[in-house]
Amino acid sequence: MSIWELILAFVVVVLMLVALLANVLVLMCFLYSADIRKQVPGLFILNLTFCNLLMAVSSMPLTLAGIIYKSQPGGDQVCHVVGFLETFLTTNSMLSMAALSIDRWIAVVFPLSYHSKMRYRDAALILSYTWFHSASFPIVAASLSWVGFHHLYASCTLYNKRPEDRTQFVIFTGVFHALSFLLSLVVLCFTYLKVLKVARFHCKRIDVITMQTLVLLVDIHPSVRERCLEEQKRRRQRATKKISTFIGTFILCFAPYVITRLVELSSVVHINSHWGIISKCLAYSKAVSDPFVYSLLRHQYKKTWKDIINKILKRSSINSSALAGESHNRNISQLNE
């Protein structure tokens with residue numbers, strides 16, 4: 001193995017371990033907190049978490065083996081199953097992010113009618129569509145034998161080995177990425193930009209009230225006035241940072257891989273195998289960033305995880321106290337004897 005292959009193998013191992021740990025933490029928070037389970041977005045986050053976990057235990061290990069051995073890991077049947085799952089899970093993850101953006105759009109733009117427009121039944125219907133949409137493309141690819149080990153990405157994925165099917169495969173690949181990556185990106189941009197517009201409008205209203213209050217309070221201390229102005233500035237930046245993170249991570253992680261897949265269809269451009277694996281690793285990195293972007297960095301999940309840690313520590317301290325008491329009683333009984 002070359003130094004580049006060692007580095008890429010190490011990156012895949014790190015991505016796989018962090019993705020497993022982070023998504024398991026999200027799953028634990030979901031199972032522990034009844035408040036999180038009651039919320040409709042929790043269904044979309046749960047679906048996204050399962051997709052990321054399955055990606056970490058199915059596709060990532062075979063990509064690691066493909067980098068190390070430079071050949072197809074396992075038999076054809078294993079590769080076909082993993083390639084099917086990889087296509088299904090990637091599409092499902094993209095559509096789950098689009099569903100989360102739609103939920104936020106309805107909650108912010110239509111707050112009074114949110115509970116009537118986004119119920120558990122509505123969320124279940126959206127998830128049913130994402131599963132149907134995500135399964136349709138790999139089913140077609142598998143029926144046409146367009147799933148296999150691709151050396152450029154060192155992974156089991158969409159791959160056409162027959163030159164006579166090239167035109168059909170090009171059309172299929174273009175439609176697939178248009179209805180998965182591009183559709184999800186358009187939904188993300190539309191919904192989050194609408195959310196940002198509403199957030200900025202509310203910030204302006206709060207800023208006007210704040211400035212009017214500061215003008216009326218003539219005797220206010222300069223440090224208090226300065227803190228109010230700083231909080232005003234942070235409030236304006238908060239929504240922009242969050243929305244930039246949602247859209248930016250989606251583009252940064254998926255766009256290089258999708259563009260590489262489309263450029264690859266052209267026989268004119270030669271793509272380096274190292275870049276192919278790097279673009280694949282960037283797509284895998286979405287399974288690492290999702291738990292932090294959508295869950296673990298939010299206040300509710302932080303509080304839940306702290307409660308879990310406190311409960312574990314309290315239980316361990318109770319057990320240790322009980323063991324210490326038993327040991328003390330045993331020592332006393334031995335002395336009496």
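Keep in mind that glycine also has a Cβ here, set from the backbone N, Cα and C atoms.
The following features are taken from TrEMBL:
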- 6-32: transmembrane segment (TRANSMEM)
- 22-294: domain 'G-protein coupled receptors family 1 profile' (DOMAIN)
- 44-69: transmembrane segment (TRANSMEM)
- 123-149: transmembrane segment (TRANSMEM)
- 169-195: transmembrane segment (TRANSMEM)
- 243-263: transmembrane segment (TRANSMEM)
Same-chain residue ranges lying at least 6 outside the transmembrane segment (44-69) that approach it to Cβ under 8 Å: 1, 5, 8-9, 12-13, 15-16, 19-20, 23-24, 26-27, 30, 78-79, 82, 85-86, 89-90, 92-93, 96-97, 99-100, 103, 123, 126-127, 130, 149, 151, 153-156, 277, 280, 284, 286-287, 290-291, 294-295
Where else in the chain does the transmembrane segment (123-149) make close Cβ contacts, counting only residues six or more beyond its ends and a cut-off under 8 Å? 40, 43-44, 47, 66, 71-73, 76, 79-80, 83-85, 87-89, 91-92, 95-96, 99, 102-103, 155-162, 165, 168-169, 172, 176, 179-180
If you average pLDDT over the domain 'G-protein coupled receptors family 1 profile' (22-294), what do you get? 87
